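Noted in Swiss-Prot for the protein shown:
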- GLU78: active site (ACT_SITE)
- CYS141: active site (ACT_SITE)
- HIS165: active site (ACT_SITE)
Amino acid sequence: MKILVTGFDPFGDDKINPAIEAVKRLPDEIAGAQIVKLEIPTKFNVSADVVKDAIAKEKPDYVLSMGQAGGRFELTPERVAINLDDGRIQDNAGYQPLNHTIHGDGENAYFTQLPIKAMAKAIREAGVPAAVSNTAGTYVCNHIFYQVQYMRDKMFPDIKAGFMHIPFLPEQVVTRPETPALSLDDDVLGITAAIKAIVARDGKGDIETIEGKNH
């Protein structure tokens with residue numbers, strides 16, 4: 001089994017992005033699965049081209065995209081991607097879409113193929129906070145989540161894909177009072193546990209348990 005794990009570069013006012021920093025620190029093999037790591041730009045459309053090329057080259061069984069969600073307390077596997085770009089800030093290319101449909105021939109939304117409940121449970125059992133999330137936002141995180149699902153729908157039907165958000169790092173909240181943070185070590189531990197759950201549930205679907213939050 002091969003799993004492509006992507007992480008965004010820094011964006012906005014931050015000089016570091018926990019997503020790519022955690023991805024870079026993942027082992028090359030987890031639970032027997034080969035881990036392919038990829039840094040992607042925080043840019044609408046360009047990020048999708050980079051991931052598309054990597055999927056075509058690596059032919060992974062799974063794609064797990066990682067992104068930063070400042071303000072969240074826990075790692076949050078995402079349930080659904082929506083067909084909408086609505087940037088609260090410009091991306092790293094200076095582009096800020098407003099109420100923009102990502103693909104006119106795409107579904108209004110795509111649900112992940114990842115076992116998100118099993119992932120959240122495994123992360124917590126590893127000692128790291130986690131919960132299923134029902135919104136990936138409308139910035140570049142949702143964009144790449146949707147784009148990979150669209151690719152699966154139109155080009156790569158054999159892959160399974162999804163997205164997971166992680167909180168700020170402690171150094172990112174020094175000037176952000178009362179904002180939650182999680183250490184890089186915990187990020188890596190949590191992502192590793194999530195990937196182990198993906199491998200363990202391959203071909204079995206997700207577990208039946210109560211998960212999720214209002215957001």
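Glycine is no exception: its Cβ is also placed from the backbone N, Cα and C atoms.
Note that the structure is a prediction, hence the values are computed from the model and not measured.
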Would you mind checking how many other C-beta atoms are within 10 angstroms of the C-beta on HIS165 (active site)?
24
Express the distance between the Cα positions of HIS165 (active site) and CYS141 (active site) as a whole number of Å.
8
CYS141 (active site) versus GLU78 (active site) - Cα distance in angstrom:
10
Let me check the 10 A CB neighbour count of CYS141 (active site). How many other CB atoms are there?
24
Other than its own, how many Cβ atoms are within 10 Å of the Cβ belonging to GLU78 (active site)?
25
